[in-house]
């Protein structure tokens, strides 16, 4: 018998589900759990002044408590690992030189790294707002374990909206318990519905970096995409920065940075006569964010400055899937994690990861994928969702690519998560189905050279998608925002 969750969701009539949907939608619109409406084909823009509910699960999804706690406890070690790897320039350069031959985007990032390294870094303080993502893996009747899907070092989104979704779920549970005692709500307790600190934690991390920069009237620069539909997730961070920390935010695209931001003779980053203390990237993670040399020039300008970057160019390089794969090699992780017990815990969270390069290991992995493609996923170096290759498409891709082109990808064992029944609300409509959930854990890291200033967990995100959907991004339309019901 495969592992199964408790019977879920609680039995409810269609009339009650419709009531809960409407109560949830009203709460979402009243509290900013929203996104801009979809882009209109005629204009290429979202319709002015229109929003829709951010897609969310109607009720929190069951998630094993022991797996949740393991992921939360691991995050400070993950933060430390990412920083330690970023400091090993020889290790990074070895990986990036091979990637640069087959991936123009990674080459451009690496070129900026080399230029700034050659000039000398202007800022020794590093800020990381990371997110480590996990799926449950369950084989047979064994208890599920967490397996890392990826670690994100740039534009780790939904910290605000996941906090709101947790609040919504606690409100709905309260509504059910008070007005519908006929519904079995025994699974829902204060302890089983953990609050995510990310709603305020991400803003707190940015504010701490701003304070370390030491210029009180400086501003934080959010580097954003044009016509961003997920703007309210970002705006909540901005409002928390102002309301809780007295720090102001300026939002600019990379193109606008190139036109409006300058460096003074002390390498201070300046906009409208004000210094920029921190640059927080919510774009810049893929080729589409860099349609011309102008955007790359803006990224170089920021990297050369004294502003504290989130992420630094080195942190972004560490987020490449190839780094994840290399760290999974026997003995490699232990090079960066001195504590053997911590290294063992991190390694247990790794799924099988393989190169697809010209090495004997890479050729053996390609043969494995060709002979049994349903066991694997092919992953490029991209963030943002929608880029992975699955199943029979792996065979087509490998046959069409040269070995050099294949080396831009890694191969990963396909994680097999247990499923659960639930209901989701998308654009005002209620849908039921069989779902799987992916847990993300946020971490805040601030260091000055080798001195660690902040290393902490900053909350969690649960994204839930139909079990037959391969990709998992909310912004890309594959998943909904959820919160965990610990069981």
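Cβ atoms are placed via backbone N, Cα and C, with glycine included.
Now, the feature entries from TrEMBL:
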type    : residues                                          : note
BINDING : 131, 154-157, 228-230, 234, 282-285, 463, 474-475 : substrate binding site
BINDING : 150, 321, 379-388, 390, 412-415, 438, 465, 471    : ATP binding site
BINDING : 150, 152, 383                                     : Mg(2+) binding site
DOMAIN  : 218-318                                           : domain 'Glutathione synthase substrate-binding'
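Closest to residue 157 (substrate binding site) by Cα-Cα distance, out of the binding-site residues 150, 380, 390, 414, 465, is 150.
Listed in sequence order, 160, 222, 224, 228, 251, 282 are the same-chain residues at least 6 apart in sequence whose CB falls under 8 Å from the CB of residue 234 (substrate binding site).
Per Cα geometry, 152 is the residue among the binding-site residues 152, 414, 465 nearest to residue 285 (substrate binding site).
Look at residue 234 (substrate binding site): DSSP puts it in a helix. The binding-site residues listed here are 131, 229; among them, 131 has the most other Cβ atoms within 10 Å of its own Cβ. Ranked by how many other Cβ atoms sit within 10 Å of their Cβ, the binding-site residues 285, 390 place 390 at the bottom. Among the binding-site residues 380, 390, 414, 465, no residue is found with its Cα located within 10 Å of the Cα of residue 131 (substrate binding site).
Between the CA atoms of residue 474 (substrate binding site) and residue 465 (ATP binding site) there is a gap of 9 Å.
Taking the domain 'Glutathione synthase substrate-binding' (218-318) as a whole, pLDDT averages 98 in the prediction.
Helix first, then strand, then coil: DSSP counts for the domain 'Glutathione synthase substrate-binding' (218-318) stand at 43 helix, 26 strand, 32 coil. According to its DSSP assignment, residue 414 (ATP binding site) is coil. Comparing CA positions across the binding-site residues 380, 390, 465, the one lying closest to residue 229 (substrate binding site) turns out to be 465. Residue density at residue 152 (Mg(2+) binding site): 20 other Cβ atoms are found within 10 A of its Cβ, drawing on all protein chains shown. Within 10 Å of the Cβ of residue 474 (substrate binding site) there are 25 other Cβ atoms, across all protein chains.
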